Amino acid sequence: MLQRDNYVILFLLFIYVGLIFMLWSISSKMIESPLFPSLIDIYKALLNAFEEGFLFSDLKTSIIRITIGWLIAILTGTIIGILVSYYRWFTPLDYINDFFRYLPVPAFLPLTLMWFGIGETSKIFLIFLGVFVQVIAMVANEIRNFPYEYIEVGRSLGMNRHQILYHIILEGIKPNLWDIYRINLGWAWTYLLVGEVAAANEGLGYRLIKSQRFLQMDMIYAYLIVIGLIGLLSDSFFRVSKPLIFKHLRRNSK
């Protein structure tokens, strides 16, 4: 039944994508504006970026920046999220995190450029900062909302506070942590583009702003499609791998 539902979703996806392409083709012919290039022009721009080699170069640069900033953020953010939600001595840090969480990442761009210059560190730091504060809040929320009855079971078995955290709470929220990391990977792309648009000579964001300066709308749309496809692939990887890593979810769904 589940497999049939997946086929139906895939079929509907193709229909919706086809409708979007059809509407875009009709609109580009009716409007006849350089702001709305045809699908053929977008395809040619993408092919040109591929043939000249700068597409792969931009992809490689952006993916490396994303990976480094995101990994550091989820590792440190998870640890601090556990501390602020489970240990009273660290609770005040949660309020400090909330303060920074409501500050938009682009607001830190001038400071970041002054602190780290226009090199790789500034871009990685923006990704780290944006993801870090969100991971802390989301991990802390998962621990605070963990079912209390399971904690009581651990106490009845003679577990101490640390054993309950490690063997019961963290084991119970692992699948949700996986979703937190997946969601924040999507946000990381937003923060990456903030850094690349402002100070870079390579990367997907840099290519977007360069195309905007020369009114290369076909290249802008081509790169937006590339970014969207990368996001879709990474999101699909997390979704597909989740039941493979957490096998009890697969058993419960049967």
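Along the chain as shown, residues are numbered 1 onward.
Each residue, glycine too, has its Cβ placed from N, Cα and C.
Curation plays no part in TrEMBL annotations; they are all automatic predictions.
Under the heading transmembrane segment, TrEMBL lists 7-26 (among others).
Here TrEMBL flags 59-238 as domain 'ABC transmembrane type-1'.
The transmembrane segment annotation in TrEMBL covers 63-87 (among others).
Taken from TrEMBL, the feature transmembrane segment applies to 99-118 (among others).
Annotation source TrEMBL lists transmembrane segment at 124-141 (among others).
Among residues of the same chain six or more beyond the transmembrane segment (180-200), those with a C-beta under 8 A of the stretch's C-beta atoms are 62, 65-66, 69-70, 73-74, 105-106, 109, 112-113, 118, 122-123, 126-127, 129-131, 134-135, 138-139, 142, 206, 208-209, 227, 230-231, 234-235, 238-239. According to TrEMBL, the transmembrane segment annotation covers 180-200 (among others).
As annotated by TrEMBL, transmembrane segment applies to 220-241 (among others).
Taking Cβ pairs closer than 8 Å, the transmembrane segment (63-87) reaches residues 93-94, 97, 120, 123-141, 143-144, 165, 169-170, 177, 180-181, 184-185, 188-189, 191-192, 195-196, 203, 230 in its own chain, all 6 or more past its ends. Long-range neighbours of the transmembrane segment (220-241) within the same chain, counting only residues 6 or more positions beyond its ends whose Cβ lies under 8 Å from a Cβ of the stretch, are 37, 42-43, 45-46, 49, 55, 58-59, 63, 178-179, 181-182, 185-186, 189, 193, 204, 207-208, 211-212. Outside the transmembrane segment (124-141) by six or more residues, the chain places 65-66, 68-70, 72-74, 76-78, 80-82, 84-85, 94, 97-98, 100-101, 105, 108-109, 112, 115-116, 173, 177, 180-181, 183-184, 187-188, 190-192, 194-195 with a CB less than 8 A from a CB of the stretch.
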